[in-house]
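Asks: I'd like to ask some things about the structure below.
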Amino acid sequence: MEFEEDFSARADKDFLKMGRKSKKEKKEKENPNVGIFGMFRYADWLDKLYMVLGTLAAVLHGTSLPLLMLVFGNMTDSFTKAETSIWPNMTNQSEINNTEVISGSLEEDMATYAYYYTGIGAGVLIVAYIQVSFWCLAAGRQINKIRQKFFHAIMNQEIGWFDVHDIGELNTRLTDDVSKINDGIGDKIGMFFQSIATFLAAFIVGFISGWKLTLVILAVSPLIGLSSAMWAKVLTSFTNKELQAYAKAGAVAEEVLAAIRTVIAFGGQNKELERYNKNLEEAKNVGIKKAVTANISIGIAYLLVYASYALAFWYGTSLVLSNEYSVGQVLTVFFSILFGTFSIGHIAPNIEVFANARGAAYEIFKIIDNEPSIDSFSTQGHKPDSVMGNLEFKNVHFSYPSRSGIKILKGLNLKVQSGQTVALVGKSGCGKSTTVQLLQRLYDPTEGVVSIDGQDIRTINVRYLREIIGVVSQEPVLFATTIAENIRYGRENVTMDEIEKAVKEANAYDFIMKLPHKFDTLVGERGAQLSGGQKQRIAIARALVRNPKILLLDEATSALDTESEAVVQAALDKAREGRTTIVIAHRLSTVRNADVIAGFDGGVIVEQGNHEELMKEKGIYCRLVMMQTRGNEVELGSEADGSQSDTIASELTSEEFKSPSVRKSTCRSICGSQDQERRVSVKEAQDEDVPLVSFWGILKLNITEWPYLVVGVLCAVINGCMQPVFSIVFSGIIGVFTRDDDPKTKQQNCNLFSLFFLVMGMICFVTYFFQGFTFGKAGEILTKRLRYMVFKSMLRQDISWFDDHRNSTGALTTRLASDAANVKGAMSSRLAGITQNVANLGTGIIISLVYGWQLTLLLVVIAPLIILSGMMEMKVLSGQALKDKKELEVSGKIATEAIENFRTVVSLTREQKFENMYAQSLQIPYRNALKKAHVFGITFSFTQAMMYFSYAACFRFGAYLVAHQIMTFENVMLVFSAVVFGAIAAGNASSFAPDYAKAKVSASHIIRIMEKIPSIDSYSTRGLKPNWLEGNVKFNEVVFNYPTRPDIPVLQGLSLEVKKGQTLALVGSSGCGKSTVVQLLERFYDPMAGTVFLDGKEIKQLNVQWLRAHLGIVSQEPILFDCSIAENIAYGDNSRVVSQDEIERAAKEANIHQFIESLPDKYNTRVGDKGTQLSGGQKQRIAIARALVRQPHILLLDEATSALDTESEKVVQEALDKAREGRTCIVIAHRLSTIQNADLIVVIQNGKVKEHGTHQQLLAQKGIYFSMVQAGAKRL
């Protein structure tokens, strides 16, 4: 309750007040975990019933051992009495006859006791099943709810919350931390109550059977309890720190994998590995400290336990010799207290797992409890029957939550009449996109009012508000599904006819119909299978299908080529009819027909009016237009025939999509996409169909830690041997009382044996500490190394591997988080436990064969049944672990996609759809969990019950052997305690089955990825590294299809050449293969036929790292990393330490220095996840600075200035022109004014070069290029 009250009290606090921590918050920070009952906050009545029944069953199961000890004590007295009567009385016939009577009586008594054992065993068979299966069922049901609640809570947060939280950590928590909660609230709690019940029942039996001896032993118990409590407290603290470090590492991995093209292009793999390794190192150090602390406590606990044995037998002997207690009473008390104290040892691992779960639940429940100030799921707020679309911004002030010190809007006033189109113009970062975000209520203004039809939008229902708004953003986000489904995200229940209509309006219909699966084509992660222009057109169709009252176009045509833009612009003009529209555009030709054009400067509007009015005012707008117009003036020549050019233009429009090629576009896996979707389960099954790794295979992963493992195994063997040694000492004490020695001799012998117990305790203290420390350290080193090596192997793969839908960011981060942890789970403390149990049982059997082979053979016959049940459990759980892993990867993909693209999800009001998809993806893991509960319950109960049945067989047969003078009772007890306690330990080893099963699956994945050598190996040291690069590039008859879409040709015999220092411009319609040329030069892929040459050498012969080091790239949609601006720019050259002077020089050249200097933290300002804290233009300029700092020999500019405003573009274009001097440069641009000065312009169509020449030469040809220029010029 304390946890829940704490968070409800803080729910209404602004999450932005991150810097100010109250004392209460500081206290929370020091002890961040959830209350015990708070862990079960999502249990319904059925879950509670399962938990209550499971707990009752666990309590009954726990009482079975102490109950057994009562039977055992009475049985021991019968044995002792009979043996004392049998062995000395063998002198004459009458005494022999008397012995036979006693022997017969002993066998009858033992038969009765055997029935008691069997009855208890039958009870255990039932209650152990209920205990395990019911707790697993309750956990499975609650975890399903927690996953859904947590995902709902993430979907419910406002954008400002995401600005100050690491998205990568959220995905790690959704997979890793929820799994920890699952471990903590399942069968381990049943085991906990079982151990508690055993402890309490054992002491009750002890007091009833002999209160004096029990009190003496109890004197040691508080010390054992105190050490356990201290251990649990320290463990919780270390666990939370470890989780935080792994969450940070997971965030780094996700960020890197999501931006893999950027990382590979700039050779950033080693830098990212270092960044990842830094967080892993922190987690490893905490984990080692945790292992040391834990095992000191365990060592102390065993020392105290053995000290209590010594005390018990020393005092017990005096009680027997004084005839106060019988031997049976002493043993009943001793064994009851023994099992009671052992149960404390069993409590400790369960407390550890529960402590881990409480630490993991803290952050998860904290997010679930966080109530956003803008609640997109709220049903409150006004829902007007009709919306006219009158908009007003009144004295609006705003700062972004993550940079509250920087004011973006400083008193914005703007009115938009219903049906009007208002264009917002101004330089990058002046607040245009912010205005659009405030209208969608992604943020609330810090001051002022935004209203629709005179009503403050804060009083309107959030979902209703967003549903009446259609948005097309500067960098459109598509989801990893089909084209039709992506458009359907615009509006639920939309018909196929409406989808086709919207697609035609967005000029996307033709290219879609050319694809093999048309509307059922998969677009890939973030739409990666399509070109920028194709993505943009689908995004426009998605907005149009919404039929919105208000249309927001934020650079909606920025990624389109000239021809497509003309048609789409016409479609948008048509779509704007009758709608209130706000347009943001740097290309001013697209806004000249707006009813009102508003000029932004310094966070306020400084001028308003239509195109003609503002041109007369000679203000900001006029200046921008003049700059752009001058840039677009082209010498068309007096012979330019307008009608002819129109004809060619119209031909081009229809020709444009005759090419089946699609650019990055055509990339990867549209072919067969529908079949992929249908056959996903089959393909994934094949993917997973790798031979499961053997135990030795898993051990090999840890082989570099062999010194730790050797010491750990030796200590585990010693600890395992302690139980058989205990059996020898224990049976020796029994023998003292069955022999007819004088009391003094008996006391001396018992004192000696008690001293042995004390020595064993001291040995255990040392060996348990070293066992835990060495295995703990080896486990942490293994986890760190495996995570590092898997991540390294991922970064080694070529781009085609990442194109595969099975290797999405979500799937890879899920594997990265879970695989290493699963292997560690089987190799650290689990391996220690297995080694200990094998040594225990093995040594026990050997000793038992020496002292009583007949009884040993009977027990060895029973043992395979126990082992068989463990093997069955492992096999079934192994299959379940594989299924769980695969299915949770599916849900991980959905969650990652939704969280990474949260702004788009919110704008489209599709939070509920993603929740439904996520909930649906959890159904199979959920059903598997329920099935696994029953299987685990059956195998566990059988294993536990077999112990009791073995007691019955052992003592029944033992009675026969004693009665027939084949064995002494002392030896029966030795064999019994050595073999049966060893078998109990082996039975407990079956609880390792789920961990070992998971480890086998995970190890197979790890080994497979580590052994996978890509065809283009980024880490390879092979290949030529010429001393000098001139920069001559030649493509000779290059044929290329993307690996995941082999049936769609992209380049069909492309040949082109650019000489050293020349600038080559590639033009053509969207999807014609322009960006493919750049990707082949970067060696993201290799051509299927033909050759790419660099300075006359085939690039396949060149060292990949060397090649990429000489290339600088600026992409159409630049990706920045969540670090400082300086670090992002320095990322351009990862081969050295880039100085601050170089960073600033590159920033000045890219026209971003002045903006950076205006920020409070200047170059140390963090840019946010994927650069979300910056405008599109600002991101682009930082990306340009990043490329320039590289000082490349060859510069690749793929729409490098597409996101810039006119003013910035002019300056940056000059910077790029200057940067091109002395360098070979390949430019891709839709804005033809930016490439007029190129040495060579190549027009690509159908994957081939159709025209080439200079600007003037191509104009003179009056071909495709001429018509494109004409179309662009006509619109100015």
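For all residues, glycine too, the Cβ spot is worked out from N, Cα and C.
Feature annotation from Swiss-Prot assigns topological domain 'Cytoplasmic' to 1-51, 346-708, 993-1276; the stated evidence is sequence analysis. What Swiss-Prot records for 51-356 is domain 'ABC transmembrane type-1 1', and it gives sequence analysis as the kind of evidence. Positions annotated as transmembrane segment by Swiss-Prot, on the basis of sequence analysis: 52-72, 119-139, 188-208, 215-235, 296-316, 325-345, 709-729, 755-775, 831-851, 852-872, 935-955, 972-992. Sequence annotations record features per position, and here Swiss-Prot assigns ATP 1 binding site to Gly426, Lys427, Ser428, Gly429, Cys430, Gly431, Lys432, Ser433 based on sequence analysis. If you look up Swiss-Prot, you'll see 635-657 marked as region 'Disordered'. The compositional bias 'Polar residues' annotation in Swiss-Prot covers 641-652. The annotation domain 'ABC transmembrane type-1 2' is assigned in Swiss-Prot to 709-998 on the grounds of sequence analysis. Feature annotation from Swiss-Prot assigns domain 'ABC transporter 2' to 1033-1271; the stated evidence is sequence analysis. Sequence annotations record features per position, and here Swiss-Prot assigns ATP 2 binding site to Gly1068, Ser1069, Ser1070, Gly1071, Cys1072, Gly1073, Lys1074, Ser1075 based on sequence analysis.
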Asks: Spatially speaking, which of the binding-site residues Ser428, Cys430, Gly431 is closest to Gly1071 (ATP 2 binding site)? Use C-alpha to C-alpha, please.
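Replies: Minimum Cα distance from Gly1071 (ATP 2 binding site) across Ser428, Cys430, Gly431 lands on Ser428.
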Asks: In whole Å, how far does the CA atom of Lys432 (ATP 1 binding site) lie from that of Gly1073 (ATP 2 binding site)?
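Replies: Cα of Lys432 (ATP 1 binding site) to Cα of Gly1073 (ATP 2 binding site) measures 33 Å after rounding.
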Asks: Below 8 Å Cβ to Cβ and six or more residues apart, same chain only. Which residues does that give for Gly431 (ATP 1 binding site)?
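Replies: Set apart from Gly431 (ATP 1 binding site) by at least 6 residues yet with Cβ under 8 Å, we have Phe398, Ile408, Leu409, Leu412, Phe600, Gly603.
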Asks: Which one of these binding-site residues, Gly429, Gly1068, Gly1071, Gly1073, has the sparsest Cβ neighbourhood, judged by other Cβ atoms within 10 angstroms?
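Replies: Fewest other Cβ atoms within 10 Å, among the binding-site residues Gly429, Gly1068, Gly1071, Gly1073, is found for Gly429.
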Asks: Quick check: in three-state DSSP terms, what is Cys430 (ATP 1 binding site)?
Replies: coil
Asks: Which sequence positions outside the transmembrane segment (755-775), separated from its termini by at least 6 residues, show Cβ-Cβ distances below 8 Å to it?
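Replies: Distal contacts: 291-292, 294-296, 298-300, 302-307, 309-310, 313, 708-709, 711-712, 715-716, 718-719, 722, 725-726, 729, 827-829, 831-832, 836.
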Asks: Tell me the Cβ neighbour count for Ser433 (ATP 1 binding site), meaning other Cβ atoms within 10 Å of its Cβ, over all protein chains shown.
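Replies: Here the count is 21.
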Asks: Work out how many Å separate Gly426 (ATP 1 binding site) and Ser1069 (ATP 2 binding site) at their Cα atoms, rounded off.
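Replies: With the alpha carbons as reference points, the distance is 28 Å.
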Asks: Fewest other CB within 10 angstroms, which one of the binding-site residues Lys427, Lys432, Lys1074?
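Replies: The binding-site residues Lys427, Lys432, Lys1074 were compared, and Lys427 has the fewest Cβ atoms within 10 Å.
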Asks: For Ser1075 (ATP 2 binding site), what is the secondary structure by DSSP, using just helix, strand and coil?
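Replies: Reduced to three states, the DSSP call for Ser1075 (ATP 2 binding site) is helix.
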Asks: Tally every other Cβ atom lying within 10 Å of the Cβ atom of Ser1070 (ATP 2 binding site).
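Replies: For Ser1070 (ATP 2 binding site), the count of other Cβ atoms within 10 Å is 29.
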Asks: Measuring Cα to Cα, tell me the gap between Ser433 (ATP 1 binding site) and Ser1075 (ATP 2 binding site) in whole angstrom.
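Replies: That separation, Cα to Cα, works out to 28 Å.
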Asks: Rounded to the nearest Å, what's the C-alpha distance separating Gly429 (ATP 1 binding site) and Gly1068 (ATP 2 binding site)? Just drop the number here, would you?
Replies: 30
Asks: Return the residue, from the listed binding-site residues Ser428, Ser1069, Ser1075, with the maximum count of other C-beta atoms within 10 angstroms of its C-beta.
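Replies: Compared across Ser428, Ser1069, Ser1075, the most Cβ atoms within 10 Å surround Ser1069.
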Asks: Using a 10 angstroms cut-off on Cβ to Cβ distances, just flag whichever of Cys430, Cys1072 is the loneliest among these binding-site residues.
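Replies: Candidates: the binding-site residues Cys430, Cys1072. Fewest Cβ atoms within 10 Å: Cys430.
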Asks: Measure from the Cβ of Gly426 (ATP 1 binding site) and count the other Cβ atoms within 10 Å, all protein chains considered.
Replies: 24
